[in-house]
Each structure stands twice: as structure tokens, then as C-alpha cells.
Amino acid sequence: MPIEEVCDSVSAEDDAKKGPDVPFLLEERVKEKVPWKDVLRRKVGKKCSCSSARVKALLVDSIPIVKWLPKYQFKNWIIGDAMSGLIVGILLVPQSIAYSLLAEQDPIYGLYTSFFASIIYALLGTSKHISVGMFGVLCLLVGQVVDRELTLAGYPSNTNQTTLGNMDNSTGPICDRSCYAVMIKYFLGLHLPRAQGWGSLIKTWISLFKNLGHTNFCDLITSVLCLLVLVPTKELNDRFKAKLKAPIPFELFVVIAATLASHFGRFEETYGSDVAGNIPTGFMPPQLPSWSLIPNIAVDAFSIAIVGFAITVSLSEMFAKKHGYIVDPNQEMYAIGFCNIIPSFFRCFTTSAALTKTLVKESTGCQTQVSGLVTALVLLLVMLVIAPAFYSLQKCVLAVIIVVNLRGALRKFGDIPQMWRVNRVDTIIWLITMGTSALVNTELGLLVGVLVSAFCVLGRTQSAQVRQLGQAGDRELFEDIASYKGLQSQPGVAVFRYEAPIYYANQALFKKSLYRSVGLDPLKEKARRRKLEKQRNQKQGGKDQKQEMDVSTNVYLLQHNSVHTLVIDCSPVLFLDTAGVNALKEVCKDYKELGVSVLLAQCNTSVIDSLRSGGFYDPEKGTKEIQFYTLSDAISYAQSLKSQNGDCDTVV
């Protein structure tokens, strides 16, 4: 006998004596089980403990300005903060007055909102760059709610009253339209009621075309002139923003020029132009919000809060990443919450981070939120001294400012082809959300967008397929055989991967995909056996029937006699629920009856815990707990088990 054959036979005998390969094992840490009462007692004690260190830490965490203001580098930062705060404040004056129209509020309330939001966020925010104030989308949402509630309360939507509460000795304080509106169309000089309910956008356009004959030509001419000035100058600001130390405040120049022209031209008296009207100076005393309105506006407030918080956190994280610092999303939630809660007692409406003003703030040298305090000082000066000078400002000028500042949102339609090429699913979600919001209403649009996103995620887990893997040479690299060339399958072992969690919604699809990839559905094989057994019982002594059943039951072994083990790569399986564990149990049981073992490899700790708690490992049923941290370990174990026994029990 040749020496090589002798060595091979001796090696095989030694392997049989040593038994199957023992995979590499990691020693798990023992998880100490702490009673829930002790956990609760510890947390309550930690939160409720009172010490100087605890008070200091709570103060610093709750009011971030206490932490960074003592470290303020005055000589290096004050110029940038002062310049950015001044410029943003100048831009905020016309925008605050303009956006108050979107929210169906008097101009003074827009100034109040921007003033308080700038101060509160400077105290509580963790972003150094974002500018918090009025955001066009939120103002539109607020305006819809305000107009609806005004209509329900009996106030006409096309009046402009600024009296802030008359006194009646018999009934007490009477709240007029302006007062009621703050408790949460101008382009052509038309007084159109704001459309409510489904299809509000379509209703608005229909109403607009029906009333074109009532266009105020003075307002139309003013709007066209303002557009001819603001659109190209805004484009110049955007094009040369890298060279300009600060954007030129053309909006303020237009507002001043339009106010002077309207005042000396007597546009209101002569042509009937709609003007801003009396803007009071100073502050009004705080008052409690009207709690009776909460049931009517709770749903709207929830959707507006979600939009505002999402915008604020997204912008703060984007600029923090750009400039290399960290923001706390929880603290951002507190900050934007207080920016809306505290000002509500001073007749303010909803605020959030504003992209345009944030970009201006960053580009003009902002270093910290001291710039926000400077912005508040500019607004304070306007409210105390300058505000009445805007009495003759035409509302159509403010409408033009809104349109020009929202042109970025309209440009999003031009990005649709690029979005489609990058990710079609996200583009479809965007289009559905946009279409529903525009054609039906914003609240339903948000709900539909969330639901479509959730269904898309669910659909991706439903569409996952089991892939057969092959090994790249001797490397610990296994990939899809159908996607890459030159991958090698292992003798006697088939390796598969399922790239999704296994849970109640897709466990049936997982089994179906696995059976299809393996090439044998155990359930169909069982059904075939039962059918043949039934036929055999009906025809007692039928020798041909018995032979046919034997051939059918062994069809898998005849066609796949080299495959004795299936290895499932569980690395992409993030979690299992009870249905997922039961699905794996059924897979192991079904294939065991056909003489095929099933091994699970590369399970994460969450999956292992789910398998243990779900009773997957049961030595009495032949499923021992053996962890395979690599696919190579599982393959070596399966091959050694086969060479030892000539057959293989189900070991998982």
C-alpha cells in the first residue's frame, strides 16, 4: 500500500477518535440580575439626590450658556458674533412682519416671536450657529389652524383689527379677532378666505382665478416692481456669498423704499391698498393661553411640533458636524420646547430653526449664541422705537418677501431627477407626502408620509431573499454565488444567508425562500409521503406502490447525496421575535426528518438570547447549544461530524 494511502487512513482513524472539531468559544460575562425595585430605588436616589455637585451639574446640563459663557473668548469672537447678530436682526425685521401674515397674525406678534425665541435659545440651545425664529412652513401650518378657529368663532377672515381687548363692564374683557387669532392672497391685493379641509390648495387657486377681476392694480404693480428687485439681488447674494463678508439686506431696503412710497403716495387712501396698519410699541402684559382651545387644536399642534423639532435637530446636527462640535438632541428638544412654551404667554406663535437665517448667521462669522442675543437687541430696538414707522407698508410687499424666501422650496422640484437616480423609494415617499400635503391637507400628508415610510421598511424585510454563499479562496469571506464569480462551495455543506430580521411578518417568507434556495421543500415532501402512504394503504400488498414511495422519499438524497448540513449565516439578522424562533425550530425539525442538519452561525447576542428564551436549544430533542462565531467554524464542525459518524444529527 502506498505511504500516502496509509497516512490518509491513519489520519481518518485519528479524526474519528478525536471526535468532531470543537469550535472556538468565547466566555460569556455573567449578567447580574438586579431586582427592579433596586434599580428603581437607585435611579430615584440618583435623580433626587441633593448636593452642590448635583445642583451644579443639573444647572449646567439644563442651561448650557452657564457652561460656555465663562469660556467666551471675547477678543476673538465678539466681532463675528456682533456682525452676524446685527445682520440677522436686520433681515428678521421684514421677515418677521411678512411671516406673521402667513400665520394670520398682526405684524407685532411676528416681532415678539423672533425676539423671545432668540433669547431663549441662546440660553438653552446647544448649537452655536442655528437661528431660531419663524419658519415659513410652520407659519403656513399655524395660519391654517388660526383661520379655521377664527371662522368657527365667528370672525371674518378678511378683516384687519388691531384692538387688543376692549372692556365691557357687564361681560368682562372681550377678545377681538386679533386677540383671538394669537391664542394658538396679499400678492394681488385680493381678500380671499383661506380654504380649509381637503383640497385646500385647489380651492385656493379656483378662488384666486374667480376673483382676478378684483385685483388691486396698485398692489399688483408694487408686487411686480419688488419682484424685479428682490429676485435678481437675491441671486447675486447667493452667487457671490463666498466673496461678500455679509449678504446685502436688499429686503430691508425694499421695505423702507416701499413704506416711504406708500406713505407719501397715500396708497391706502387713494388706491385702497392693504397696509400693515398700526404696529404698537413695547410689550403687552403676559396672559394665560385659552385652555378651551386645546381640544380643537391638539392634533394640529402635535403635527406642527413634530415638524418644528425635526427641522431644528436636523439643522443643529448638520452645522455641528460641519464645524466639529456636538449637540445634544434631548437638550435641543427642551430648548425648542421652551422657545414655544414661554413666549406663548406673550402672544407669540410657533418657532423652529430657520435654514435661510442660519446660513446667513454662519456665513457672517457667528461663533456662539451671543449673536442670538445681539439679534434680540436689534428686534427690541425695533419694537420699542421703530415699529410704528411701518404703518404704511403694503402687505403685498411682505407677500413678495415670502415668495422670494420660499423659492428654495420650489427649487426642490428640480432635484427630483437626481433624487430618483439616488434612491427611488425615498423619492416616491417624498412625492406621495408632498402630493398629499398639497392636495389634501398638511396633517394628513405628514401621517401618510410616516405610514408610507413604515410600509417601505416593512416591504424591504418582506422582499429579502435567502442567498447561497460561496467562499473566496482560503479567506474568511463568503458572498452570494449569484453575484460574484470564482466563489467555491464547500463539500457536503451548503451555506445560506438571510439579510433581514426574522419576525412574525416575514417568517413564512423566510422559510419559503430558504426551501426554494435549498431545492427541497420539506413540507411538500411530507405531503407527498402521506399521499403515497394513503395510496399504499388503500391498495394493500401493492408492491409497485411501495417501490414508488421509496423512490419518492429518497429523491432528495439521490439528487443531493453530498449535502448533509445547512449553515445559515445569521449576521444580518438583527433580531428574532417568538414567531422567528418558532420558524427556525420548524426549519431544523423539517430538515432533520430528511437527514439534514442545520447550523446557525455568527448570531449576535440579541439573537442568541431570543433563541435561549424561546426554547430553541433543547438537548432532549437533539438541538445542543454550540456557538459558531465564524462560518468556517460551522463548516469545519459539520464536515468533521460527518466524517466521524457517516451521518449527522441536528446540532445548532
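Here the Cβ of each residue, glycine as well, is placed from N, Cα and C on the backbone.
Note that TrEMBL annotation is computational and uncurated.
Each residue in the domain 'STAS' (483-638) has a pLDDT score, and their mean in this model is 80. Sequence annotations record features per position, and here TrEMBL assigns domain 'STAS' to 483-638.
The region 'Disordered' feature in TrEMBL is assigned to 528-548.
If one looks beyond the transmembrane segment (77-102) by at least 6 residues along the same chain, the residues whose Cβ comes under 8 Å of a Cβ in the stretch are 108-111, 113-114, 131, 133-134, 136, 139-140, 142-143, 186, 245-247, 249, 251-252, 254-255, 276, 279, 357, 360-362, 364-368, 370-379, 382, 390, 393, 395, 398-399, 401-402, 405. Look at TrEMBL and you will find 77-102 (among others) tagged as transmembrane segment.
If you look up TrEMBL, you'll see 108-124 (among others) marked as transmembrane segment.
As annotated by TrEMBL, transmembrane segment applies to 248-265 (among others). Remote same-chain partners of the transmembrane segment (248-265), defined as residues 6 or more beyond its termini with a Cβ less than 8 Å from a stretch Cβ, comprise 87, 90-91, 93-95, 97, 222, 226, 229-230, 233-234, 236-237, 273, 275, 389-394, 397, 400-401, 404.
Per TrEMBL, transmembrane segment is recorded for 293-313 (among others). Within its own chain, the transmembrane segment (293-313) has Cβ neighbours under 8 Å at 130, 132, 135, 137-138, 141-142, 144-145, 149, 152, 183-184, 329, 332-333, 335-336, 340, 350-353, 355, 442-443, 446-447, counting only residues six or more beyond its boundaries.
The transmembrane segment annotation in TrEMBL covers 334-356 (among others).
Beyond its flanks by at least six residues, the transmembrane segment (376-406) meets 85-86, 89-90, 92-99, 101-102, 107-108, 111-112, 114-115, 118-119, 122, 136, 185-189, 216, 219-220, 222-223, 226-227, 230-231, 234, 251, 254-255, 258-259, 262-263, 267-268, 273-283, 356 of its own chain at Cβ-Cβ distances under 8 Å. Per TrEMBL, transmembrane segment is recorded for 376-406 (among others).
Taken from TrEMBL, the feature transmembrane segment applies to 427-455 (among others).
Within the chain, the transmembrane segment (334-356) has long-range Cβ neighbours (under 8 A, six or more residues past its boundaries) at 62, 103, 105, 109, 112-114, 116-117, 120-121, 124-127, 130-135, 138-139, 141-142, 182, 184, 283-284, 286-289, 304-305, 307-309, 311-312, 315-316, 405, 408.
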